[in-house]
Amino acid sequence: MTTHQPPAPQAAQPTWQAAAGASYPGYTSPIPVVRTHLGHALASEWTKIRSVRSTMWTLGVFVLLVVGIGLAAGALVAANASEGDLNGENPLSFGFFGLLLGSMCIITLGVLTTASEYGTGMIRTTMVACPSRGRVLAAKAVVFFAVAFVVTLVSSSFVAFAQVGMLSDARDPSGGEWFKATVGVSLYIALLGLLSLVVGSIIRHSAGAITIMIGLLLAPLVIALFMFSESLQDLREALFEYSIPSQLSVFYATSLTDSGPSGWDPLWIILGVTAAAFAGAFALLQKRDV
Amino acid sequence: MIELEGLTKRYGEKLAVNNLTFAVRPGIVTGFLGPNGAGKSTTMRMILGLDRPTAGDVRIDGKHYDRLKDPLTYIGALLEAKAWHPGRSAYNHLLCLAQSNGIPASRVREVLETVGLSGVARKKTKGFSMGMGQRLGIAAALLGDPRIVMFDEPVNGLDPEGIHWIRTLMKSLAAQGRTVFVSSHLMSEMALTADHLVVIGQGRLLADTSMADFIAQNSRSYIRIRTPQRERLLDVLHGAGITVVETGGGMLEVDGGKPERIGELAAQHQIVLHELSPQQASLEEAFMRLTAESVEYHAHADAPARQWGDDWQKGS
């Protein structure tokens with residue numbers, strides 16, 4: 001048991017007395033009472049995310065894929081391109097492949113941030129400690145988004161600098177292109193991870209939610225590939241244009257299609273989808289039993 | 001103080017908790033007793049705001065759980081074992097809980113010391129034994145130095161030393177003026193720790209009484225007699241105005257009364273007695289009687305083992 005003695009000076013706990021009132025006597029703790037707020041939940045979620053190995057694994061593999069594939073692509077193109085091949089090419093666009101594969105790691109981490117708590121039973125401990133369910137989801141979202149954004153920004157920027165250095169024949173990217181290929185894609189990938197986190201909160205099952213998100217990432221493109229029928233031409237186009245890989249490539253101005261989303265459209269699309277899913281997850285969280 | 005009022009929880013067709021009304025008072029250990037599946041854990045989850053009641057209300061010191069601004073200093077709860085991430089260390093598990101309630105990190109080391117887990121604080125909880133897991137759960141419950149502690153089946157998986165430790169712990173927590181609410185399906189365990197009893201069966205309230213009253217009402221004392229001269233003894237006792245009940249196996253039972261008097265009466269009439277023994281019905285029996293109709297998962301002890309073998313033989 002604690003070694004705390006029952007409190008002698010009543011004046012030492014004014015906060016408590018005000019909160020408890022006289023009608024509910026009982027033990028009074030010497031630990032100062034704190035009114036909790038989002039900041040406390042953020043600190044808690046930060047401890048959680050940094051203290052499990054799955055975070056290190058998923059982010060480690062993510063950095064490895066983004067940097068490894070990015071540098072390999074740059075080196076391959078630099079070695080094989082003959083004089084003039086790269087004229088007018090944007091050297092940043094070769095960062096796309098690593099980021100596309102790496103996004104699966106971010107999806108996994110996003111799902112695990114919420115769904116693993118349901119798998120382990122941790123969620124009950126979490127919700128008892130913080131009965132404001134919306135605050136828990138918000139804190140998870142903020143912490144995860146910040147981590148995913150920073151890690152993606154650092155690795156995509158590193159790859160971008162390396163590729164521009166390697167591909168000296170290509171043209172110099174404009175400031176706007178730089179911004180989209182670093183901050184833009186990082187926002188997009190972090191939002192994709194946030195959507196996964198929200199889906200994890202709705203599905204409450206890690207494997208199920210990861211499958212759904214990987215399906216969302218790859219299925220439209222794969223399905224479109226096999227739509228040979230003439231009558232499905234429009235649908236095929238739409239699936240191509242709005243598939244996540246295609247939208248991601250828009251940030252490098254090398255869209256897989258000529259029509260469809262362009263500029264910053266992909267970011268607004270995923271922002272809308274994530275916001276809608278977040279609202280749904282929030283409502284479900286309030287309604288369902290933990 | 002925990003107050004339940006008409007608390008009801010329905011899962012589809014099944015009524016898990018049915019119109020429970022009772023209060024858990026500070027300063028004593030209140031035992032929450034019921035057979036498996038009686039609705040104890042569901043009730044505790046509703047108290048903690050994890051499950052939403054279908055009807056009724058539950059308040060902690062007059063407030064709903066989700067209105068508490070500093071829940072861990074109000075209630076510390078040990079729910080079912082291992083409600084944490086197995087890959088996280090004991091220290092980090094408690095730290096993230098402490099942070100969510102603004103409890104200083106120094107308190108984490110204190111509770112780890114209290115439950116005797118300081119040595120493994122940095123180890124992943126994956127490798128914890130059931131007893132260590134239970135201790136970590138209790139550490140989490142004590143983290144906020146709460147006014148109310150609620151333990152769901154705390155002695156599960158503990159060794160005798162651990163069981164003794166938790167009994168002492170609960171009593172000392174209550175002695176400090178805290179509200180202690182502890183569930184169990186073992187009457188014998190409760191008899192040793194609880195001052196007050198709340199018994200439920202199939203979600204309904206069966207008893208809400210002090211332990212002393214429960215013992216007085218239910219621990220029937222009687223005298224068991226065995227004799228080859230049953231008819232004669234019955235006549236003699238009847239003549240002396242003593243009520244005798246014939247039970248199976250040639251046994252006689254006398255409620256209350258003194259064995260000395262029966263022995264003397266038998267001697268006077270030269271009746272041979274094979275047994276004359278004062279008996280005390282155990283609280284476990286009383287509890288089983290109380291909950292007999294409400295036990296959900298009956299093990300059919302009377303089903304002969306032969307049957308099973310028959311099926312097996314038919315199958316082969």
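From the backbone N, Cα and C atoms, a Cβ is placed for every residue, glycine too.
Only residues 6 or more beyond the boundaries of the transmembrane segment (A:56-79), in the same chain, are considered here, and those with a CB under 8 A from a CB of the stretch are 86, 91, 94-95, 97-99, 101-102, 105-106, 108-109, 112, 147, 151-152, 155-156, 158-159, 162-163, 166-167. The transmembrane segment feature in TrEMBL is assigned to A:56-79 (among others).
Packing against the transmembrane segment (A:91-115) from elsewhere in the chain are residues 49, 54-55, 58-59, 61-63, 65-70, 73-74, 77, 137, 140, 144, 148, 152, 155-156, 159-160, 163-164, 166-167, 170-171, 173, 177-178, 181, 185, 189-190, 192-201, 203-206, 208-210, 213-214, 217, 244-245, 248-249, 252-254: each is 6 or more residues past its ends and has a CB under 8 Å from a CB in it. Feature annotation from TrEMBL assigns transmembrane segment to A:91-115 (among others).
Counting residues 6+ beyond its ends, the transmembrane segment (A:136-161) has Cβ neighbours under 8 Å at 38, 41-42, 44-46, 49, 55, 59, 62-63, 66-67, 70-71, 74, 92, 95, 98-99, 102, 106, 109-110, 113-114, 126-127, 130, 178, 181-183, 185-187, 189-191, 193-194, 197-198, 201, 278, 281-282, 285 in the same chain. According to TrEMBL, the feature transmembrane segment maps to A:136-161 (among others).
Annotated transmembrane segment per TrEMBL: A:181-203 (among others), in sequence order.
The transmembrane segment feature in TrEMBL is assigned to A:210-229 (among others). Within its own chain, the transmembrane segment (A:210-229) has Cβ neighbours under 8 Å at 103-104, 107-108, 110-111, 192, 195-196, 199, 203, 235-236, 239-240, 242-246, counting only residues six or more beyond its boundaries.
According to TrEMBL, the feature transmembrane segment maps to A:267-285 (among others). Listed as Cβ neighbours of the transmembrane segment (A:267-285) (distance under 8 Å, sequence separation of 6 or more from its ends, same chain) are residues 133-134, 137, 141, 184, 187-188, 191-192, 194-195, 198-199, 201-202, 242, 247, 261.
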